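First the structure, in the form of structure tokens, and then the observations on it.
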């Protein structure tokens with residue numbers, strides 16, 4: 001099972017990635033984790049990547065793809081892998097294809113933006129303990145106060161409505177075109193000797209368990 005998980009920030013990809021990982025016994029490959037590991041290990045690609053990161057520059061796609069190919073040679077990828085947060089752009093998807101990185105499924109978790117804004121902007125956090133609440137779905141007993149300590153809850157900057165909207169705008173511009181990219185490739189079939197992935201779209205609305213069952217059904 002070789003899989004790419006797509007969906008907007010706040011669509012619940014992380015939760016479903018954990019279920020898929022456990023069910024199929026495959027590692028979740030995050031480019032952020034991969035970069036940090038390569039830098040820490042001091043591999044040639046890691047040293048090169050560190051130069052860009054230290055200068056506050058984006059690590060070029062060619063270097064990321066090199067790291068991906070190295071990672072996929074490891075023993076835990078023998079039964080497959082799950083890409084989380086990669087590719088983010090058409091250029092990265094093209095680079096993956098040119099590098100011959102095989103993908104069986106592209107699974108999109110679809111949640112309307114209005115729902116994502118409500119989900120994320122309604123989150124409240126108790127900073128000291130990390131306890132989280134939601135003004136609508138999981139409210140504290142006393143509005144704005146932590147259930148255990150009675151201390152004030154905060155809204156993290158990441159969860160503020162304007163921040164969420166900005167993240168969704170970036171997703172719309174950069175990552176959403178991948179949905180069309182993979183959908184079209186699935187229709188065209190094999191290209192350059194690389195089998196086209198099957199494209200599946202599920203609704204990300206409902207309970208965590210309902211979405212999990214939809215995901216498993218889509219990957220049969």
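The backbone N, Cα and C atoms fix where each Cβ goes, and this holds for glycine too.
Feature annotations, courtesy of Swiss-Prot:
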BINDING   10, 11, 12, 13, 14, 15, 123, 132, 133, 206  ATP binding site
REGION    30-59  region 'NMP'
BINDING   31, 36, 57, 58, 59, 85, 86, 87, 88, 92, 156, 167  AMP binding site
REGION    122-159  region 'LID'
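Cβ neighbour count for residue 57 (AMP binding site) (all protein chains, 10 Å cutoff from its Cβ): 9. The average pLDDT computed for the region 'NMP' (30-59) is 89. Put simply, residue 14 (ATP binding site) is 14 Å from residue 31 (AMP binding site) when counted between their Cα atoms. Comparing C-alpha positions, residue 14 (ATP binding site) sits nearest to 86 among the binding-site residues 57, 59, 86, 88. The binding-site residues recorded for this entry are 57, 59, 86, 88, 156, and the Cα of 156 lies nearest to that of residue 123 (ATP binding site).
The two recorded residues, residue 12 (ATP binding site) and residue 156 (AMP binding site), show a Cα separation of 18 Å.
Summarising the ATP site geometry, the residues cited as binding it (10, 11, 12, 13, 14, 15, 123, 132, 133, 206) extend over a maximum Cα to Cα distance of 20 Å. When the binding-site residues 59, 86, 88, 156 are ranked by how far their Cα is from the Cα of residue 133 (ATP binding site), 156 comes first.
Separating the Cα atoms of residue 57 (AMP binding site) and residue 10 (ATP binding site) is a whole-number distance of 26 Å. Residue 156 (AMP binding site) carries neither a helix nor a strand DSSP state and counts as coil.
In the three-state DSSP assignment, the secondary structure recorded for residue 86 (AMP binding site) is coil.
Here the C-alpha separation of residue 88 (AMP binding site) and residue 10 (ATP binding site) works out to 15 Å. Counting residue by residue with DSSP, the region 'NMP' (30-59) contains 22 helix, 1 strand, 7 coil.
When the record's AMP-binding residues 31, 36, 57, 58, 59, 85, 86, 87, 88, 92, 156, 167 are compared pairwise by CA position, the greatest distance found is 31 Å.
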